[in-house]
Amino acid sequence: MAPNPRKSHPLLKMINNSLIDLPAPSNISAWWNFGSLLALCLMTQILTGLLLAMHYTADTTLAFSSVAHTCRDVQYGWLIRNMHANGASFFFICIYLHIGRGFYYGSYLHKETWNTGVLLLLTLMATAFVGYVLPWGQMSFWGATVITNMFSAIPYIGQTIVEWAWGGFSVDNPTLTRFFALHFLLPFMIAGLTLIHLTFLHESGSNNPLGIVSNCDKIPFHPYYSLKDALGLALLLLPLTTMALFSPNLLGDPENFTPANPLVTPPHIKPEWYFLFAYAILRSIPNKLGGVLALAASVLVLFLSPLLHKSKQRTMAFRPLSQLLFWTLVANLLILTWIGSQPVEHPFIIIGQLASTTYFIILLILFPITSALENKMLNF
């Protein structure tokens with residue numbers, strides 16, 4: 001019998017083992033769809049971004065006009081730009097749901113996969129931040145100024161780092177040029193990290209909603225999960241295209257319709273919605289260095305998840321107290337997101353401080369205590 005090239009060809013064999021004949025648990029739910037949706041988001045962003053880069057000019061005098069030109073004069077330029085801008089929002093929706101699923105079902109116990117995933121999140125956040133600066137609108141400029149200026153809180157070397165990052169003494173042409181270069185480079189870094197992420201995942205195999213070893217009950221990825229993923233892709237593209245076509249500016253900031261002006265500060269500087277929870281944590285601490293450390297901790301705390309797992313059970317499927325805590329954490333993050341979009345005044349200040357404190361207390365103290373309590377309850 002002639003050898004099947006799908007199983008014998010060096011390149012096709014790798015693809016086959018990763019996407020076709022991959023043994024997958026038979027009971028993984030729709031929450032396991034988000035990995036492939038993130039891959040789709042990345043491909044969409046790279047493709048639309050490449051097309052936008054062909055028409056963009058990374059110069060402070062021309063950046064804003066070049067974006068307007070893309071939307072007005074380039075064939076379907078408006079659609080490409082809207083897909084790219086809203087694609088970022090959907091990217092973050094997918095990654096937050098993906099992390100939430102990993103947290104709920106104890107997927108973080110695959111330590112290497114989890115740690116590369118957190119690195120992917122950090123790289124994605126960096127990419128989105130530098131990308132937001134490129135249209136050179138008011139919020140782009142002031143967002144860049146405020147966020148990069150935070151590095152000056154680092155003792156001794158902070159100010160030097162900021163001036164080095166800016167390429168001068170303020171956010172100006174050199175800053176825009178290097179941000180464009182970084183925004184072009186980072187997605188390919190994300191793609192590389194994704195391959196590492198998948199390599200680690202396929203080393204151990206997927207987790208499942210029950211959190212038990214599923215080696216005795218596997219099914220091939222294709223056709224079962226390839227079809228399930230195709231449905232997920234359709235369900236993701238539907239709201240994305242709807243938003244890009246009907247309300248492309250829904251999640252944007254109106255300030256960005258005004259070209260950047262260093263002499264006029266917007267009344268309320270805030271980042272895109274997907275950074276608001278971290279921004280609220282940053283603002284809730286009145287000290288600059290303390291705020292920066294809390295901001296970093298809000299994301300880096302994810303690295304501690306495997307160390308803080310004290311339960312005898314992997315998932316939260318049969319742990320009602322941990323479930324209650326998990327959904328409290330979700331509500332807490334929504335409150336932080338809302339607070340981040342509000343001005344710094346009473347009662348938002350105190351709500352933000354309470355929500356920030358609660359965020360860290362739930363993650364670092366209450367989850368391990370609750371897990372230990374549930375372990376005790378198993379004995380009764």
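Every residue, even glycine, has its Cβ placed from backbone N, Cα and C.
Listed features, source Swiss-Prot:
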TRANSMEM  34-54  transmembrane segment
TRANSMEM  78-99  transmembrane segment
BINDING   H84, H183  heme b b562 binding site
BINDING   H98, H197  heme b b566 binding site
TRANSMEM  114-134  transmembrane segment
TRANSMEM  179-199  transmembrane segment
BINDING   H202  ubiquinone binding site
TRANSMEM  227-247  transmembrane segment
TRANSMEM  289-309  transmembrane segment
TRANSMEM  321-341  transmembrane segment
TRANSMEM  348-368  transmembrane segment
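Structure with Swiss-Prot features highlighted.
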residue: H84; record: heme b b562 binding site; DSSP class: helix
residue: H98; record: heme b b566 binding site; DSSP class: helix
residue: H183; record: heme b b562 binding site; DSSP class: helix
residue: H197; record: heme b b566 binding site; DSSP class: helix
residue: H202; record: ubiquinone binding site; DSSP class: helix
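Considering only the binding-site residues H84, H98, H183, the residue listed as 'ubiquinone binding site' has H98 as its nearest partner by CA-CA distance. Most Cβ pairs under 8 Å to the transmembrane segment (289-309), among the stretches 114-134, 179-199, 321-341, belong to 114-134. Counting other Cβ atoms within 10 Å of each Cβ, the lowest count among the binding-site residues H183, H197, H202 belongs to H202. For the pair H98 (heme b b566 binding site) and H183 (heme b b562 binding site), the Cα-Cα distance reads 23 Å. All protein chains included, H84 (heme b b562 binding site) registers 20 other Cβ atoms within 10 Å of its own Cβ. With a cut-off of 8 Å on Cβ pairs spaced 6 or more residues apart, the transmembrane segment (179-199) and the transmembrane segment (114-134) reach 3 or more such pairs and are scored as touching. Sequence-distant contacts of the transmembrane segment (321-341), counting only residues of its own chain at least 6 positions beyond either end whose CB sits under 8 Å from a CB of the stretch, comprise 100, 103-104, 270-271, 273, 275-281, 283-284, 311, 348, 351-352, 355-356, 358-359, 362-363, 366-367, 370-371, 373-374.
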